[in-house]
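Trainee: Have a look at this one before I ask anything.
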Amino acid sequence: MSVLVYTESEQGTFKKTAFEVASYAKAVANQLGTTVTAVAINANDTSALGTYGVDKVLNISNSQLDKFNANAYAAALKQAAESEGAQVVVVSSSADSKYLAPLLAVGLNAGYATNVVAAPSSTSPFTVKRTAFTNKAFENTQINTDVKIVGVSNNAFGLVENSGSASAEEFSPSIPELGVTVESVDKATDKVSIADAEIVVSAGRGLKGPENWGMVEELADVLGAATACSKPVSDLGWRPHSEHVGQTGKPVASNLYIAIGISGAIQHLAGINASKVKVVINTDPEAPFFKAADYGVVGDAFQVVPELIEKLKAFKAQQ
Ligand SMILES: Cc1cc2nc3c(=O)[nH]c(=O)nc-3n(C[C@H](O)[C@H](O)[C@H](O)COP(=O)(O)OP(=O)(O)OC[C@H]3O[C@@H](n4cnc5c(N)ncnc54)[C@H](O)[C@@H]3O)c2cc1C
């Protein structure tokens, strides 16, 4: 009867979203008066999960699951959910989880709500608040199936620490024969990925050309941020497509999003609405981005950004 949560890891280390979905699962378990069981696949050390409300960890160590495979992962999670008698399964909003969750929903005959931003407002009927229309609206959704799958939006619920510790046991699901297998993965970059970044420094066509990205990268380095860009910038080949943010690019749910020389077209804003604090640097005071911004600097990026870097470096040197 416990709440099951899939805690994602990369090369054995939990992603930040793992702790956020665990925190969410704990909130649901409290409402239902039950416990939280996490599924960890090839993770090195699961002890941190207890801090975020997990009571038990099902550890799956299986070389067939070294590389993400939606069918295999969904099969493993289905068996875990069945063995725990889980009523609710919580996953993140990562690309992997959005890929496996529909397969899991079919396997468990479960309803699946994506982009959920808050703990259920009611557990009977089971009602969750989720974003709709590319983050421009919220809707309350009821999941009426016996088993419910909740996909939590990144950075929406946050991390909630508990004083508990989690017990761990080995779990060995049978993995179906895989029609498609990933042989190798070549990452486009070793830098912080946009999806996981706490801070994103993003720039647009206002920067005039790829030769001017040095200051964007420097600002990102000082802040420990990921770099991103608008669509035309990646279309022009100034930056890799992996950095393209927006409706047709990647969504960003960072704590801080700094937009430099980006006009704030609706398709760009669609990808960054979930970010908490938005800072805009633009020469045009009428740029639409200012309407969506928490802080705005009307100014030339070529003056403002180097000054910002200097000030941040001086500030860090004092710490
Ligand atoms: C179907 C569809 C899907 C789309 N999907 C996306 C998407 O996913 N992501 C996306 O980004 N776009 C998307 N677009 C494109 C979108 O409509 C805009 O055209 C695009 O976002 C504009 O990019 P930009 O702001 O970098 O460039 P521009 O619109 O050219 O804006 C540049 C800005 O830089 C400012 N500027 C100029 N010089 C300076 C300076 N020296 N210092 C500071 N500021 C300066 C200007 O005032 C201006 O506001 C999509 C469009 C369509 C039709």
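Cβ atoms here come from the backbone N, Cα and C positions, even for glycine.
As annotated by TrEMBL, domain 'Electron transfer flavoprotein alpha/beta-subunit N-terminal' applies to 3-182. Here TrEMBL flags Arg205, Gly261, Ile262, Ser263, Gly264, Ala265, Ile266, Gln267, His268, Asn282 as FAD binding site.
Neighbours and distances for these, please.
Mentor: Over the domain 'Electron transfer flavoprotein alpha/beta-subunit N-terminal' (3-182) the predicted model carries a mean pLDDT of 95.
Around the Cβ of Ile266 (FAD binding site), the same chain contributes Gln247, Pro288, each under 8 angstroms and 6 or more positions distant in sequence.
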Trainee: I'd like to know which of these binding-site residues, Arg205, His268, is least surrounded, judged by other CB atoms within 10 A.
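Mentor: Looking at the binding-site residues Arg205, His268, the Cβ with the fewest others within 10 Å is that of Arg205.
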Trainee: Given the binding-site residues Arg205, Ile262, Gly264, His268, return the subset with CB under 6 A from an atom of ligand 1, ordered by sequence, or none if empty.
Mentor: Arg205, Ile262, His268
Trainee: Sorted by position, what residues of the same chain at least six away from Gly264 (FAD binding site) have a C-beta under 8 A from it?
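Mentor: Those within reach of Gly264 (FAD binding site), by Cβ under 8 Å and sequence separation of 6 or more, are Val280, Asn282, Ala287, Pro288, Phe289, Phe290, Lys291, Ala292.
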Trainee: How many Å separate the two farthest-apart Cα atoms among the FAD-binding residues Arg205, Gly261, Ile262, Ser263, Gly264, Ala265, Ile266, Gln267, His268, Asn282?
Mentor: 18
Trainee: Within its own chain, what residues at least 6 apart in sequence put their Cβ under 8 Å from the Cβ of Ile262 (FAD binding site), listed in sequence order?
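Mentor: When sequence neighbours closer than 6 are ignored, Ile262 (FAD binding site) has Ser202, Ala203, Gly204, Arg205, Gly206, Ser230, His268, Val280, Asn282, Phe289 within Cβ distance under 8 Å.
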